[in-house]
Amino acid sequence: MAEPSTAYRRVPGWAGVAAAGAALGVLTGTALVVLAVVAGPGPGLTGYVSEAGVAESEYAWPYRIGVFSLATALFLLALALRAESRSPGLTRVEQPGVATVQRLAGHRGVALLRQVASLGGAVVLLVVGGLTTLLSGAVTCSAGCPLPPFEPATVADLVHGGASVAATAAVVFAMIAVALAPQVDQRLRRPATIAAMVALPLAVSVAAAMLFVGRGSLVGVLERLVLAVIVVWGLTTALTLASARRPERS
């Protein structure tokens with residue numbers, strides 16, 4: 001007896017458009033920011049990426065438009081992931097880390113893990129990342145983008161620096177949420193897992209270097225590496241969602 005055939009559909013058309021828009025936003029934003037960093041008057045690897053966007057730079061507006069493009073890409077990626085989270089045909093798997101969290105934090109810890117480490121949690125984190133990226137682009141730092149504890153900073157420097165750090169952290173945690181989500185396509189889980197394993201130690205290293213070493217080549221290189229991982233993950237995830245197909249709900 002022949003097995004019944006399974007009908008497939010693309011994850012809603014608007015979600016595919018959002019994912020494609022996210023991919024375009026990542027590419028456009030990255031190109032503009034790289035242009036501003038490479039062609040601008042900044043100090044190269046010894047400085048922050050944000051120094052390309054200071055008011056004195058002739059590439060300030062290309063930089064800011066690039067940052068706004070990346071923020072838009074995060075919003076569109078969140079929209080596409082939201083549709084993915086509601087799609088039929090996703091297989092539920094045992095959530096990684098549940099047993100460990102239960103031993104350490106009990107049932108409340110497990111409940112919190114299941115709320116945060118999910119596609120829904122990733123959507124919220126990407127929206128937070130988009131908002132803080134917008135703030136980072138809207139509020140520019142002064143020359144050199146000084147930050148404590150090694151340099152005196154203005155209020156704008158603190159707002160810009162805090163928004164940039166928050167945006168990076170939100171996207172890295174979004175990767176982790178996708179990697180640990182109990183219901184997610186393996187084509188999304190694998191790149192999220194790899195990206196999180198690379199980005200998390202890099203992000204921690206950047207934070208430690210900023211606190212204990214200060215501005216210089218170490219922070220500059222680490223910052224660019226973690227941003228590169230974020231760009232690759234965002235582009236990979238957006239392209240995967242743009243081409244995703246799911247079984248029709250019977």
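Cβ atoms here come from the backbone N, Cα and C positions, even for glycine.
The transmembrane segment annotation in TrEMBL covers 12-39, 59-81, 116-138, 158-180, 192-213, 225-244.
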Do the transmembrane segment (158-180) and the transmembrane segment (225-244) come close, with at least three CB pairs under 8 A (pairs 6 or more apart in sequence)?
yes
Please work out which recorded stretch in 12-39, 59-81, 116-138, 225-244 has the most C-beta pairs separated by under 8 angstroms from the transmembrane segment (192-213)?
225-244
Restricting to CB pairs under 8 Å, which listed stretch, 12-39, 59-81, 116-138, is in contact most with the transmembrane segment (225-244)?
12-39
